[in-house]
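Copied from TrEMBL, the annotated features are:
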type	residues	note
REGION	1-118	region 'Disordered'
COMPBIAS	1-30	compositional bias 'Low complexity'
COMPBIAS	43-55	compositional bias 'Low complexity'
COMPBIAS	70-83	compositional bias 'Low complexity'
COMPBIAS	104-118	compositional bias 'Low complexity'
BINDING	146, 147, 148, 149, 150, 151, 152, 153, 200, 256, 257, 258, 259	GTP binding site
BINDING	153, 178	Mg(2+) binding site
Ligand SMILES: Nc1nc2c(ncn2[C@@H]2O[C@H](COP(=O)(O)OP(=O)(O)O)[C@@H](O)[C@H]2O)c(=O)[nH]1
Ligand SMILES: [Mg+2]
C-alpha cells in the first residue's frame, strides 16, 4: 500500500520526491489521484482505465479527484483501497478501476527509480572495490645486506631474471663491486618485492640502518667460501638484528656460493653464528643454502620471504594500483 501511496502522490506536484521517499505524511492537500497515462508495470490491465471524478480544490491535481471509495481504510492500510471484500472482486466492482487489488505488490515506476539509485551506487562501490582488489599489489621493501663480495648483487640479478619473464639482465659473471645501491623489483602473486641492495663495505654498513624503518624483510648474504671473514660477517649480522628499528622483521640468511666445492656447509655456518640465535627475537628467520650464480635455492628463499612479509601484521605493505 505504501508504494501505491507514494506513486499516487508522486504525480501531485512539488514535494513529490520527498513524499515518494516516505518523508512526508500521507495527508496531502489534495487526495491521491490515478495516473493519467498507462499503468505502471505490474498493474493489472483492468485497472488501467481512469475513473476519477472532478476535484474543486486549487492544488495541482488538475481538478481530478479520487473517488471516495479509494480513501476508505482497507484491511492492509489506513487510507488506500476499498475494503478487502470489494477489492478481491474480479471485475473490480466497488473499487476504482485504477486501484490495484489489495495486497498486490505494486511499486510505481518513479518509486522504483528512486530505489534504483542507491542500488546502482552500491553496485558501483562493490565493483570498484573488486577491481581495486584484483588489480592492486602489496608492496614490500626488502633489504639485501652482507659484506662486500658476498654475492648480493649477483643474487639480485639472478632473482630478477627468474621472476621477471622478459628481464634480460647483465651477465652474472660481469657484476662488479656495488658502490652506492642497486634496486630491483619483482612480482610474486599479489606481492611486489622491491629490493635495495646496499653496499657491504665497512664504511657503507653505517648507512644500513637508515633503511630499516622502511623495510619489510632482510636478506642477509654470507660468502660460504670466505671462512676468514665469517666472524666479521657475524658481527655485522649481530648489529643488524639487535637494531630496534628492525624488530619483528623476517630475516633470510643465505649461505651463498654453495656451488663451490670447498665452501662451508650450513651446519658450519650455523655454528659460527650460534651466538646470535638468542638475539634473533620474535621473528621469522631461515638459513638457506644458495648459489646466486647457478640459481640454486633462490626461488625457495624468495618464496619463503614472500610468505613471511605477507603474514607479518606489524609491517603492513604499501598498496599500489597496478598501472
Ligand atoms: N661461485 C660463486 N661465485 C659467486 C656467487 N655469487 C657471487 N659470486 C661472485 O662473487 C663476486 C662478488 O659478487 P657480488 O654480487 O658483486 O657481491 P656483492 O659485493 O655482495 O654485491 C663476483 O665475482 C661473483 O661472480 C655464487 O653463488 N657462486
Ligand atoms: Mg654488490
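Heads up, the Cβ atoms here are built off N, Cα and C, so glycines get one too.
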Original post:
When DSSP states are folded down to helix, strand and coil, where does residue 178 (Mg(2+) binding site) land?
Top reply: coil
**OP:** Express the distance between the Cα positions of residue 148 (GTP binding site) and residue 178 (Mg(2+) binding site) as a whole number of Å.
**Re:** 8
**OP:** Ten-angstrom check, please: count other Cβ atoms within 10 Å of the Cβ of residue 257 (GTP binding site), all chains counted.
**Re:** 25
Original post:
Are any of the binding-site residues 146, 148, 150, 152, 153, 178 near ligand 2, with a Cβ under 6 Å from it, and if so which?
Top reply: 152, 153, 178
**OP:** With a 10 Å radius around each C-beta, find which of these binding-site residues (153, 178) has the fewest other C-beta atoms nearby.
**Re:** 178
Original post:
CB neighbours of residue 200 (GTP binding site) within 10 A?
Top reply: 24
Original post:
Using Cα coordinates, what distance in whole Å links residue 153 (Mg(2+) binding site) and residue 200 (GTP binding site)?
Top reply: 10
**OP:** Could you find out if DSSP has residue 150 (GTP binding site) as helix, strand or coil?
**Re:** coil
